[in-house]
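A short write-up of the structure that comes next.
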Amino acid sequence: MGFQRSISSSSALKWLGFVTAVWVQAISGNNYTFSNYSGALKSLMNLNQLELNNLSVAKDVGKAFGILAGLASDRLPTPVILLIGCFEGLLGYGVQWLVVSRTIQPIPYWQMCTFLCMGGNSTTWMNTAVLVTCIRNFRRNRGPVSGILKGYVGLSTAIFTDLCTALFSNDPASFLVLLAVIPFAVCLTAVFFLREIPPASSAAEENEETRYFTIFNIVAVVVAVYLQSYDIIGIKTGVFSVAFASILLFLLASPIAIPFHSFIKSLKHGEQDDLEGRIQEPLLRSEIAAAEREVVVVAAVAAEQEEKKKKPVLGEDHTIMEAVLTVDFWVLFVSFLCGVGTGLAVMNNMGQIGLALGYTNVSIFVSMTSIWGFFGRILSGTLSEYFLK
């Protein structure tokens, strides 16, 4: 009975960890929100457009140091990686808030570049901790896992933007408070629940994972459609805005029902299996158990020896050097090198593009870009897993 309860707790903890991972990703896309407060930085620091562009480059350079988080993920536990990310983000965005809110005088340009770099780098620690841990926990569903988690990263820009618009009338200082405090609080919560748990070992568990991931996808799509509807309706003040924010927070919290359902379901199965085990318990259970242990040990030794002989294949864990020696790594590297920068250039300069076109408030464009980026991310994860299987 105790063994069955431990399995129940393990399954529920794995799903609880995934829910907190979703929450972390839903607030870790703050690196794409620069356009929402870049105008305030430009006016307060008396910057020209070139200097403002260099600030955005400093922010993106922080993401280029994501290799540090990747190397640390093989040596440090997940909670430590999350803590590094959340404290770095608190400092990076906190200083930006102090400047924009005029709590302190504008700091020297090179110092602002440093804090923007820290803010950009903080998300790499959060993303690495979440992705590495969840992919190890759900090895047979890597596509849906990466699609859902990266989809929420794309959606997080719209979540921050629309929440700030609804609650604070799109005030840049209030927006930076959200970027500094909310990721810090969510990561501190994830520290207690996000752990590496043994992956599914049976077809029934894999089928259950597929059903749960379908629910996560549905919830994510509902959140995206809900945000899009808010952008289109255009009512941004009064009771309507408070109601919008309340419903959005409820939708983001709703996946917590999945680990509770998993825990209750596992408990029921555990009690049933325990009862059947007592009824059918063999008389010579100690001898049988000893024989089974011997077989397991022999099999484990043989498997370990076989594992040492072969190189990891696509989908298995690689060291840095093993990854660099594969064609797949360089295909991904060149794809990111050539493709990602164009999107970042547009996102970073959305504020100035909007002003040049005659729009005084560009938050709706930032939000809609985030929402449709989400659909692309989540669709790519689902389709890739389908074709791989």
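Cβ from N, Cα, C; glycine included.
Copied from TrEMBL, the annotated features are:
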TRANSMEM  12-28  transmembrane segment
DOMAIN    14-260  domain 'Nodulin-like'
TRANSMEM  80-100  transmembrane segment
TRANSMEM  175-194  transmembrane segment
TRANSMEM  215-233  transmembrane segment
TRANSMEM  239-258  transmembrane segment
DOMAIN    325-387  domain 'NFD4 C-terminal'
TRANSMEM  329-347  transmembrane segment
TRANSMEM  353-375  transmembrane segment
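Counting Cβ pairs under 8 Å that are 6 or more residues apart, the transmembrane segment (175-194) and the transmembrane segment (215-233) reach fewer than 3 and are not in contact. Among the recorded stretches 80-100, 215-233, 239-258, 329-347, the one sharing the largest number of Cβ pairs closer than 8 Å with the transmembrane segment (12-28) is 239-258. Note on the domain 'NFD4 C-terminal' (325-387): its mean pLDDT in the predicted model is 77. With a cut-off of 8 Å between Cβ atoms, the residues of this chain six or more beyond the transmembrane segment (80-100) that come close are 24, 28, 30, 37, 40-41, 44-45, 62, 69, 72-73, 106-107, 112, 115-126, 128-129, 172-173, 176-177, 179-181, 183-184, 187-188, 190-191, 194. The DSSP breakdown of the domain 'NFD4 C-terminal' (325-387), given as helix, strand and coil counts, is 54 helix, 0 strand, 9 coil. Sequence-remote contacts of a segment are chain residues at least 6 beyond its ends whose Cβ falls under 8 Å from one of its Cβ atoms, and for the transmembrane segment (215-233) they are 18, 22, 144, 147-148, 151-152, 155, 158-159, 162, 166, 244, 247-248, 251-252, 254-255, 258, 364, 367-368, 371, 374-375, 378, 382.
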